[in-house]
Amino acid sequence: MFTIPKMWEEFRESSDFVYLRQSNKNEQYLICFLKSITDTNTLNEQILEFISANNGLHFNELFEELPIAEKELSSDWDAIRNKLLVGYVAVQHAASAQTILLNASISKGRTVSKPEIEFNVEGSKEALVESLDVNLNLIRKRLPVASLRIKELQVGDLSKSRVVICYMEDITNEQYVQTCLQRIGDIQFDTISDITIIQQIIEDNSNSIFPQMLGTERTDRIVWGLTLGQVCILVDGSPNAILGPVTLEHFFTSYEDYFLPWIIGSIIRMIRITSVLFSILASAVYVAVLTYHGHGISNSFLPTIIASRINVPFPPVVEVLIMELAIELLREAGARLPSKIGQTIGIVGGIVLGTAAVQAALTSNFLLIIVALSAMASFTTPVFRMSNTIRILRFPFILFAQMWGLLGIFLCSVIVVTHLLRLTSLGMPYLVPFYPLRLKGLTDTVIRPPYSKLHHRPGFYRTKNPVRYDNRKSNLKKDIDE
Amino acid sequence: MTSRIQERNTVSPYLTFVIVHAMLFGIDFLLLTIKPVQMAGQDAWTAVLLCSAGIHIVIVMMYSFLNRHQTDLIHIHILLFGKWMGWMLNILFAGYFLLVTVYQLRLFIEVIQVWVFPEMKTWSLALVLLLIAFYIVSCGFRVIVGICMFSLLNTILFLTIFFMIPYFHFNNLLPAMSHSPHDIFGATKELTASYMGIEIIPFCYPFIKTPRKSQKWAHWGVLSMTFIYVVEVIFAVITFRPEQLSNELWPGLTKYKFIQFPFVERFEFIGSSVTVLRLFPIICLCIWVASRIMKFTFSIRQIRVLPVLLGVVFVATCFIPNRIGVDVVQSWIKLSGISVIFGYFPSLFLFDILRAKVKKTK
Amino acid sequence: MVLMICVLLTACVKQQILERINLFIVAGFDEISRDQLEVTLAVPQFQAGKPETVTDQMYSRTGHTSTGIRDTIATQMDKPLQPGKLSVVIFGSAKAASGLKKELDILLRNAYFSRKIYLAVVEGKAKELLSEDFSKKDEKGMFLYQLLDSNTRKGALPGQNLHEFEYALVGKGMDSFLPILQFHNDRIAVTGTALFHKDKYVAALDLNQSRLMKLLLQDMNQGFYEVKLDNGLFLAVENVGSSVKYHLKNKAITINLSMKGKIREAEGYPTSDEHLRSLTKRFKQQLIQEETELIKTFQKNAIDPLGLGDFARSRTRHWNEEDWMRQYPMMNVDVDVQVNIMESGIRQ
């Protein structure tokens, strides 16, 4: 049987545990709560005042009349303790075996703010916050339909994190939801402090450097994904959500593409894909060409390269590795510092160090251009986790290029492609719609088509309802001057 | 007897196109043109068409017996010839595919040794290529076909012949049809080796989702390769003198010697390195088939037998020392390829029809 | 694991780091005696941070095979010699006259060499030409490459690169030709065309003849031609588009050349209609006469740089080279010229 004194014993070590006794004439109430997560206003103005104003009420009547929406009666030890831990107030009458549990929880978090990572020029400036309820509120507001399903699970023995799976009942393939539910249910890890932990645990292949779920902080992107048939997973305490299943190509599309006219959006998308390829391959090709295939450089270009490298004491591969590491260093340093100092560091490191390194003949200015460009190109990736992958992916290519020149680069790309081919995201092939080739799914990949062409959801999601809107109605063919 | 393949391991029928395309677009594509042009000169393209027609007929035959039995050749062998005979034939086929692997691998290493790294050791490159092949094959059929698809990117390089337009002499195609049918048939026989690769279809058959529909795609694959071959042969005729061509070893790579970009002045080392994309589909499919045959013959797991087969291929590759050795293997391959495609499959087809007739009358 | 093994295998391939090798863009071949030849290489020396100043160091050695010579040259160098960048090969006239077969084989056999290497014959010795200071700022090889490129491939003079030279050499019914380089008054210039019979240099054309020869080789849209009028006046006509076609009829070849021209220089000559017509007629006659003379020269030397034999082969079944060569010197080759003066500039 639960008694508050007993509870006191258990929580004695916690300074935020409050245990008070309120006596109304002859009625004695024992009240306890954790003050760190309890709203004292609610407590003082509604609960305590009500109790003192309504003395003489029977315990059960008191329960019914208390003006709190979330309340329950319980006598189960564990249930009461769990409720206390999330901000409930327990009220016990000395004479009763039952305990009233009243929700007076307070969540202190930041307000909805601008997206920091996925910053867009156009479009909404609304990003997820740490509070799950706020996040759900943001999503619900954008999708006011009954078919938006929100399933909640509790994960983590210690953190007791609330994990939520959102999907559209009439669109999303049931299989993906089941996979998510099952994998999240199977999580054994004790503290789930962020969505990335869930992501790493539930991914199809957790030994891959490629993210198989798309992390995002933008509510509009989440809603877009949900309406396409993706599943969205949120966790309390994380300002990010993950969307799945995804394909490789999703990581190179920014949601901003959809706000731009389709021709501009498509061109920007192509530039982005090219720059990613450049970012991965540029320094590897530099190593390969300068180490093995020097005679392939054109005559007019030769003096420029040789003149800039002639006093550099290292072989190209060492030179490239030093430069790549320097750039990574700048990046890490910039990321860990407050943004203003970060900028300064960037400028100092980039300009001063770069110039000095060339003048000291530690590197060729040609390489400096390549490395800086490829670093910049890697930032064009709109998804942060993918840009990390691309940074890392460069190094095996550089190593292979050092070993066998261009042949090595091709060998490495075969390995990477094989890896990508075997990857799946929640059971969906990672390279779809390119392999397996789905011609209809190709519409929204390299090219961002106009909205008149987006009348069907991509087939590879195997949605329950593939039609977004009936395009027959909108496709009236007009003649000239009609 | 027939084994059902799980649906998630099967591929769509259109990927037969990719398989055929990748198998036919092999390393020996680089030396495709020499012999036919030597024999039939400017009329070599007719030989390509003739050969392609023959291949189409063989594909029809192949699909006829495959569709009747709805399974792959391994099981058909055992069904038609009984356990021991079928067993023997399967082992022969496994050996054949291993030989093809060895040949393609060695040929590629030779390309690298001649064109990029003269001091490259055979064993080192073979080891790395086979390790990567092991990785690919162990991921299963779907991934192998994916690699085939990736290798189709290589076809883009085919467009490089447009760089050669200033060197075209269309007069070389004239006078048309001045060679005797004997010459043209000789060239056709030489070309059969380039069409080797379709013998992989009967083994992939059950891995295709709706196998009956894949026949169309197999024909398309051969057609598109025929187109590429014809263009390549015509290109060789109008760019080189036949006397020049007979001095060349790798006309497919020599054409890269004409390409210049503002940055890149030599293209041949890019071109020859890229051929690695052509190598992988072929060796992976061949090793996959060989290991699958072993799996059914000796009832062991495919992943167990794979390293053994790769080891055999590795040792065999290292034992081919030079150009002459490659030539010898090439002549074996040609002989066995022609006899498999134009000898074995048609006779199997006839045997199968006869057997069905006999059964019906009974 | 794959990576580990790869690392172990690193040592198997020889590295050729770009600035730690010696490249050369131009090589010269000279004949010393019947079995001795001299190879001259111009090896560019680069300076740190100054891509615009490249100097050349000349290396020259004699020996029996060019590879052997390359080896002895390498003994004088601080860096290994890499032949991959070779873009221009020049031959001394004596060397060209005694045959280029051996050198061609070297160039064609090595996987490093491009087929677009320019070949040229030097009036005199290649070594002497290379040691002259003809390119003030540029690297010598690059200068020669640009010179040949702008004058032959892109210009109005005939020239052949390695592939074309081999094509014409091994091809039946055609002969090869190369531009002639000459050092004169501190400058290098293309001064004509060397005509080859098989791989031997047999005759030379001067600049004007070379220009006329190129007209017969391919369709052109450049080049200036002087017309001498009856009154001793010289006019210049620019070729803005010419096309050439061969016809074979009854064992005689007709060459149809049609040219669209533009008057460039006509001081003292009115460009009225009848004047233009007479000019056209004059120019046409002059062209016919000069081209016929040119072909006569070819026939006299029994060489066929125009590839008339090859043309005949493509139009005749069972063509035979020997028969053809027997009748070629006496053959009737007609030149038919159509000239059309389109414009006269922006003046009357």
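Yeah, the Cβs are placed from backbone N, Cα and C, and that goes for glycine too.
These come from TrEMBL:
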- B:12-32: transmembrane segment (TRANSMEM)
- B:44-66: transmembrane segment (TRANSMEM)
- B:87-105: transmembrane segment (TRANSMEM)
- B:125-145: transmembrane segment (TRANSMEM)
- B:152-170: transmembrane segment (TRANSMEM)
- B:190-208: transmembrane segment (TRANSMEM)
- B:220-240: transmembrane segment (TRANSMEM)
- B:269-291: transmembrane segment (TRANSMEM)
- B:303-326: transmembrane segment (TRANSMEM)
- B:332-354: transmembrane segment (TRANSMEM)
Stretch among B:152-170, B:269-291, B:332-354 sharing the most Cβ pairs under 8 Å with the transmembrane segment (B:190-208): B:332-354
Touch test for the transmembrane segment (B:44-66) and the transmembrane segment (B:332-354), at least 3 Cβ pairs under 8 Å: yes
Interface present between the transmembrane segment (B:269-291) and the transmembrane segment (B:125-145) (three or more C-beta pairs under 8 A): yes
Seg_contact(the transmembrane segment (B:269-291), the transmembrane segment (B:332-354)) with at least 3 CB pairs under 8 angstroms, min sep 6: no
Segment-segment contact (the transmembrane segment (B:303-326); the transmembrane segment (B:87-105)) at 3 or more Cβ pairs under 8 Å: yes
Candidate ranges B:12-32, B:152-170, B:220-240 - greatest C-beta contact count to the transmembrane segment (B:87-105) (under 8 angstroms): B:12-32
